[in-house]
Every structure is written in structure tokens, then in C-alpha cells.
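Novice: This structure is in C-alpha cells; I'll ask about it shortly.
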């Protein structure tokens, strides 16, 4: 020991001997290996506390610097701060090579490296498991030259952490393989906030001199980049140890292309990260001799002196390290209770709630019983309260403060008692403590206290109500209540309180803002029996509201849930509460609109989810219809619940876009195929990668499991390499390759009886193959059906997809080319087919079209039954196994679940975008074009039919102005059927505007603006305004100016009388789609395709405000797409805009007042009444919206 350190101990010897209690100090020093068990016995032999302290100091003075440091740390840990302060200034500095010989130097080096890296000390009572530690070391040696992962996995309590720490205590391993050091991180199960905290702490620890940054990273991606930089530049060839990894997404955050050792219960946790992987599987129990050795250390006896009961205890608990350690700790306090504890293990019988392959239930249950019984009676009561917790849930200490009505510190002290006894686990996340029970501990508690569970749950709810005074917690740190309050109410039998909670729009708003809608939908399903008894209609109202709006409630910025509620049917409980809340908010200056004609709109879908961040290419049901798998352009595989949309699994599946996914018939596996040429098979429950097939040489377009042969599980795949392959999942190899197509194979399917495989190709053929022999059965040249006329003789046909009827007798084929599609019902149109599927139990066929819609056809009657739509192009449509549901996937990033019967019974009228509106005294008259391009007067008794592009009423409502694709404008008296044709534009008329005195202003793709006399048909002015297409034109209310917006990203203000330019307005980032003047002609608003709105001073041509949202989800524009139309309120205080949806803006601040989310998107025109109270538009689904501002 350094002379300075030794003198410090001697100078403060009296104070140290007087105050310290040696028992716990010695425990720490034994753990640090600076004090031996024999030395501990010598110290204990002294009678008084002071004599024992003096003996301890005498031994320390005879040791080295490590003993001094260990003693100092023990004082700090046990609360002797004032004594530690006396030793602080003289702490010796340890150098790796200050020993007398090579062995001393090696030991010193290992201690220094592990201490600096935060590697935990070995347990106080520790037996080496050299064989398993050596296996870990052998795998670590493989990381010497290349980065990679060593995964140490095994069941809970098998000693993963201890063995990892033991394996690292090797001089040659550290010196040769990891000269940059070791960095240990105890990870545990984390949410994103907890993970960020772990990463921040690690970065701070590695960059204490602030060489690479002056602040901690602000998000996970930044932390990952920082960590990669530090390990590469500052700590090259170092080992990162991640202890207790639970989730693959957490592991990805530490993927820094370095050397990593992880411990986990989940063998597949590292499947999602790239790089070399080396696995070490740990045995669940100790050998009989090792277990006895641990017991002998706890009771300080030689193994030969242990009683017979010791052998029986080890046999009864099957050598579980956790159980042996727990029993050993109890025997250390009560060394005469060998027979008692053995009887407890032998006689206690617990009902097994469920069997798990991950845990040894018998041993842990029995050890639990012993541990609980030695608690004080009051602590047994506290521990009994934990019976109401859920499995795998970490509960913050704040919840226990509420439950026990005590201060945070007192609650943490009580909980620490359970942690110390191994009855509870604790994770620290920053300054907060989170507590959780092992599954088997919870099984034990719930079984033991089964008769009291309802009372215990009721106490939880009552304490919650007492603390918060209402059902909505005021702090975000009480996420536990949002997740589990309904569970406690249902378990307590508090049905009235549960219904009041679940039928509260306030609760829905608070919960969905924090955790999204999926968990709420799950609760409506979970507690449906209770909720239906109270009010089945209200339960249906709320569940439908969440199911149909879930894709909106999961986005940022979070939509106004009251406004969404106002879109529900007027007899809905959701609407009633929303209207009540809206009226309350109106008194505070709120802004809400009502959907006046919503009775005409019926939602045909059952659930809408938005699991992906890009286009969804395919989605399918599991055989039992309870789960949906989906994949898409974001390269991920997702699995979620059909009822609620609750995410069950997310896997980064491939290195490129994932084109198809499919469930096996038993639902245990999911296969995916990708542009990266690979086919992968995953566990549908855990997301573990089971096998990878890489024999295709080009992108793999489709994959499908066979239907019935569980013992001969096969997978069919097809590719652009012209081949179909049949894979044997049991042998994990290709069973057969089917050759014969001359072009890319786009789709393949097993017949329902698994005897045949159908494949279709870009070569224009459908081929049928025998599964057993892999021989070709038949080839059908689909293209011949398209070439029966001279007009189509040279047409190239691509066969897109195929589908079998339920009896395997019919194959439906969908073929596409530039102009036509064909299905067996001989239907033709100018759309192309993306996908098709037979309904399993009927003659229905679903056909997905690229432009928003799915059509349902009856194969027998050759008639279209119904159609339904997305907001963007559709990639696939798939029926459930019973045909009651079908799902669609789309470019709009959503998956929609539809009820087949509801869709087939629908008779909704679908309108085109282009409408005109006349606001009369007591009604709104709407001129619209339907899906057949027929002109209709909505809410009127008469109408005329013609193909039109735009249409508009004159002010008296008697004349309709319409434009067509042939660059003409018609002035049409729809009552007398008289028509005047205005000709002059060189390209299609973009739109037109009616002026006073029978004047009309039109603008076109040809870049010109023309002024017409609608009575005589005379062209009065012809102006070339822009180099590009003119998308919009507006006339000032005082009729002195007009403005134009163009594809050249500029807007211009013109003098209407002499046609001179007044201002050119620059600054837009994309083409200017729309423009409008304020009613006083002092302001001009312009909107562009970037989703931004600019408000200008007309007199000066200066920009006043930029209207945009504060935060935008997934990089989406502030307006959800192009801004297509604008209108000022009469007082110029409010601006309304249309685009992806409808928004109202505060003109003075540029902030949004309200957003109305339409069912579809791409709103092209918005019509506003003169009093700014009524708004009319049509979305891309053909749904008409008549909205009114609430007053």
C-alpha cells in the first residue's frame, strides 16, 4: 500500500474504529476479492464492534492499494460519507503494471480494465463454471480480427451475467483481443426513452473529456452515430457488453459495426442485426457438485460436512442457480433450518397457470414460498398487493406511492427490501425506479392470493381515484394507469366504473394522444361482455370510431379528437359527447365544423391501420383470422391483431423492398420475399429468423405456403428469373425447381387441395403444375383472348396474378397491359389489374385496381357487385379463410379490413372531383359529375348528361358553364338545353372564372388567360402570362386585378383593365396550384404543391405570413399534399384551404385553427358560402362533404 494511503488510515484509525459496523463492509470487500472468508472469520471472532473494526483495519493495512480503494467504496455504499471523506484525498492511483512479477501485472491489468469498463464484481458466494466460461471465451476470440456478436443466452436465473463477467477476467483475452478496453451496459427491457437514456449515459462515460461533443445526444439515431464514432476513434478494438437484452429493436441502437457481447433470454434477439454471430447456450442448472459448493460457501462449511438435506435440496431444485442462491441466503441467517427448508420444497404444491419452456417452474415456485414466509408480517401484506400486477410490465415507483398512499422515498425503501430478498426486480431509468416480478413469482402470488384478487384490484382503483380525483392522470409519468386502469376495474368487478371510463371521449383523447388507439380497441374487445351488458350500442360506437380513425390518431400532429367525433353519426354516443365538448370549447374561442350531409356516407371498412412508413405491397390473414401480416416498401414485416390493429411483431425483414408475405396454414410461420432475391421464413410469434433461401437469381415476386399438409410444409416462390421453386421447410432446402416460363413469373399459388400449383408470367401464359412430381400439367395462353381482333393482334400481354376457387376447379387469371384487363367474367375496362382473389365460400371475386378502388364481381352472373376505395393506389386484396372479411393494402401506407357482406350491400353514389355549388336561401344545390362521367344536379329533380372536365353555375342558377378535354368551353342553359361553344385555347382548359356583365375568364395548359363574352361568344382579350401551365387564376372582389399561379413556381398580380403586370411573387418551392384574394382586395393567398400557403400584401407585393403546421408526421407536407384551393373569410381573419384535407388558418399568426380529415384525399376544389359558414367539396373516393361551422 502506498505510504500516503497507509498514513491516512493510521491518522483516522480512531474515528474509523469508533463508528463502523464491519458486517456489511466485509461483504463488499469479499465481493471485491480484497478480503478472504478466512479473514472474515478471524474478524468475527472478536467480541465487540470496536474490536472487530480494529481487526479489519489491521488486515487492510497489511494489504495493497486495492484493499484501500475497496474499503473506501464500501464506506460510501453503506452510508459512511463522513468517514469516506477522510480517506478521499489519499486514494492511491493504480497503474496497470506496478506489480512485482508478471502474474501481479496481469491481475492488476484485468482489475483496472474491468473496473474502468463498469464490469460487475462477481457475487460474494461464487463458484467458477470454467467450462461454460471457456465456451464464451472461445467465441470472443473470434472477434479478435473482425467485428461481430457473441450471444450468451439461456433461461432466467441461469447465471448469464455472472458467467459473462467471469469470462472477461482473462488477461490474454483482454490484451490480445480487446486492448481498447471493455464497456459494460446493463440494458434490460426498455422503451424508447429508456433506451435513449442508456445510450446517453454510455456516450458520456466514453467521452468524459467532451472531445466529440459538448452535450448528450438528443435522439436514438444521434446517439447511435455518436457511439459508433467513439468506439471507432477513441476506443478501437474494444468490447461492448450489452447485458440483458430483451428486444431486437433495442439491439439495433447499439449496432456500431464493432465487437459486442450480449446476454439475453432470447436466442433470436440478434437475428435483426447484420454481422458475424456466435452463440453460446447456457445450461439451466448447476451440476450437483457446483450447487453443493455454493451452499457450503453460504453456510461456511466444508462440502463434506454438509448435512444430507443439502443433497436433497439440490435435487429438488434441479440445481437452479437462482434457487440455490436463495436457499443459501436463507440458511446463512438461519443455519439450523436445513430440514425445514427441505420440507418446504418437498411439500409445497402450486397450481401451474401455464407451462413455459423458458423457466423451471417447480424450483422457482418453491423458492418463492420460502422467501415470502420469512418476511415480516406487514411486509407480507405489501408483497401481497403485488398480486395484481401484469406479467412483463415494469411499474414505476409512483404507482406504488398511489397504491400505498406514502411518499416516493418510503415506497422505494419498502420495495428495496423485496429486491434485496430476490422477490422483486428493479430497473433504474435515469432518476426513476421501475419494478417488476418474474413471471413465476407472479404465478405464485396470484395462486396464493386467488380468493383476495378482486379486493386487491378494487383497492388499486380506489387509491387511484383518491389520488387523482378523476379518471385522467395529469402527468405523463403515470403511463401505467393509461395501460392498466381498465384492467384493474374489470378484475375488481367495478363494471359501472369501467363503462364510465371506456365510454368517455375525454379518456379516449388522453390515452390515444400518449399510446395510440390500438390498445384501446383491444380493451373494447377484451371487455366487450361487460361493456355490452351496460350499453352495447355505445360500445359499438366507440369501437367503430377508434377502428376507423386509428390511422389518424396515430399520427403527428395529433388530430383534434372532438372534430373527429363530430363526423360520427348523430345518434352515436361519440358524436353526442363530441358536440357537448365542442360547445364548451366554442365559448372559449374554439373552432369546429359539422359534416351536414354525413348521413349519406356509410363506412364500409371495419378497421384501418397504418403500420408501415411507406407503400404497403401485400397483406394477408392467418388461417384463424386473428392476425394480419403485412410488408412493403419500408423493408419490414409487420404482424398485428385483426380486431384491434395492435402490433404484435415488427421485423426489419430484408435489405430491399418486401414484395409479398404469407402465413403457414398453422399460423406458426410467416414467409417473405423481396427485391433482394431472398426468401425468408420467420416465427410468426417471436420474429425469429428460421431460414433463408437464396437460390433465386433475381427479385422474388411472390411466396405462398401450401394449405393443408402440416407434416410436409412446403413453400412456393416465383421470380423474375423465370423459375418457380418449391421449398421443403423441414429439410430447409429446395425440393423442386419448375422451368417452363419464358418471362418473369409474377405470381404463384397452391390449389386449395395442394395437388397443383398455378403460376402466371409476363410471357402471357398461365401454367398448372403437379406438386408431387413437379411436372407441368397444362399451359394456357392468356394473351390469345386479347388478340381475337386485328386491333389487338400485336398486343403484348402480362399475366399479373391468379387465384383458385375453393373447390380447386377454377383458376381466375388477371392480365394487364397498357389498356385492358381480363377476368373470367369477360369484363373489360381501361384500368389495369394489380391483384385478384377468390372468396373461399362463394362465387365472389375481388379485383384490385391501381387507382384507389377494389371491385367485387360475381363470377356466375358476370356482374359487378360493389366497389370500395383507398386514398391511393392499391397493391393487393386478400379474403380471410371464411370469406367474411377481406383486406387491402395501398400506397397510402394503410391496410383496411372490410366486411364482405357490408361492402356487397352498399349502393353509394361515387362522384368525380369536379362540382359546382349554388348557395340558395335554405338549401345548397350541387352540380356534380358521377363515376360514369354523367352530369348530375344533386338535390334537384332534373339533370343532363355529357362528358365534362369542369362545371359551374351562373349566379341565377339557370346556366351551366362547362369545359372539356378538347380545349373548349360550353355555355349551357340546362333548362332550355341551348348551348354556346367558346373556342380559342390551344390546350385543355385548366379552369374558368365567371365575372360580372356576362364576362368569363379562362386559363389553360397553354399558359394563356382569355377573357370571353358569354352572351356573344366573342374573345375579348388573349394574354400570355406564364411560360408554364397556369394552374389557377383569381379575380379581386373590386374587379380591378386578377392573379395567376403557374407551374413555373411563381404567382403574378395583373391589372384587369389594361392587362399590365403589377407584381411577380417569388418564393414558392413548387408549382403554385391555387390563389385567392381577400374580400377587401388587400391580401392575396397562394398555395403550392409543397403544401405551403403564403399570404401577400397586394399593394406592395410583400410576403406577410407563411402558413404551415408546427410538426409534421413522417416528413409529410403541412397540408397533407398539394394545396388545391383557398378562400378568405369576409373579415380576412380566417383562411380555409383544401388539399390532403381541409384546414382553417388564423391569417394573423399563420397557425392552424382546425383540421377536417376527409375519408379520401386529393380535394381539388372547395366551395364556400358568402357568409363563410358552409363549405362543400368532394374527395378522391367520390364522397361529398357539406360542412358547416358550429356556432
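Yeah, the Cβs are placed from backbone N, Cα and C, and that goes for glycine too.
According to TrEMBL, the feature domain 'CARD' maps to 1-90. According to TrEMBL, the feature repeat 'WD' maps to 609-650, 651-692, 693-730, 738-779, 870-899, 941-982, 982-1022, 1023-1064, 1065-1106.
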Novice: Test of understanding: applying the rule of at least three C-beta pairs under 8 Å (pairs 6 or more apart in sequence), is the repeat 'WD' (982-1022) touching the repeat 'WD' (738-779)?
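Specialist: Answer no: the repeat 'WD' (738-779) and the repeat 'WD' (982-1022) share fewer than 3 Cβ pairs below 8 Å.
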Novice: Provide the three-state DSSP residue tally for the repeat 'WD' (651-692): helix first, then strand, then coil.
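Specialist: The repeat 'WD' (651-692) comes out at 0 helix, 23 strand, 19 coil.
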Novice: Restricting attention to the repeat 'WD' (609-650), give the mean pLDDT.
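Specialist: Within the repeat 'WD' (609-650), the model's average pLDDT equals 89.
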Novice: Could you give me three numbers for the repeat 'WD' (738-779), the DSSP helix, strand and coil residue counts?
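Specialist: Result for the repeat 'WD' (738-779), in helix, strand, coil order: 0 helix, 23 strand, 19 coil.
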Novice: Using DSSP, what is the helix/strand/coil residue split across the domain 'CARD' (1-90)?
Specialist: 68 helix, 0 strand, 22 coil
Novice: Just give the helix, strand and coil counts over the repeat 'WD' (982-1022), going by DSSP.
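Specialist: Breakdown, helix to coil: 0 helix, 24 strand, 17 coil.
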Novice: Which sequence-distant residues neighbour the repeat 'WD' (651-692)? Criterion: at least 6 residues beyond either end, Cβ under 8 Å.
Specialist: 248, 252, 266-268, 271-272, 617-624, 627, 629-633, 635-639, 698-708, 710, 713, 715, 717, 719, 727, 729, 732
Novice: Grab the same-chain neighbours of the repeat 'WD' (1065-1106) for me: Cβ-Cβ under 8 Å, and only residues 6 or more beyond its ends, written as numbers and ranges.
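Specialist: 1028-1029, 1031-1038, 1040-1041, 1043-1053, 1116-1132, 1135, 1137, 1139-1140, 1145, 1147-1150.
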Novice: Hey, which bits of the same chain come close to the repeat 'WD' (982-1022), Cβ under 8 Å, at least six residues off its ends?
Specialist: 949-950, 952, 954-955, 959, 961, 963-971, 1028-1035, 1039, 1042, 1044, 1046, 1059
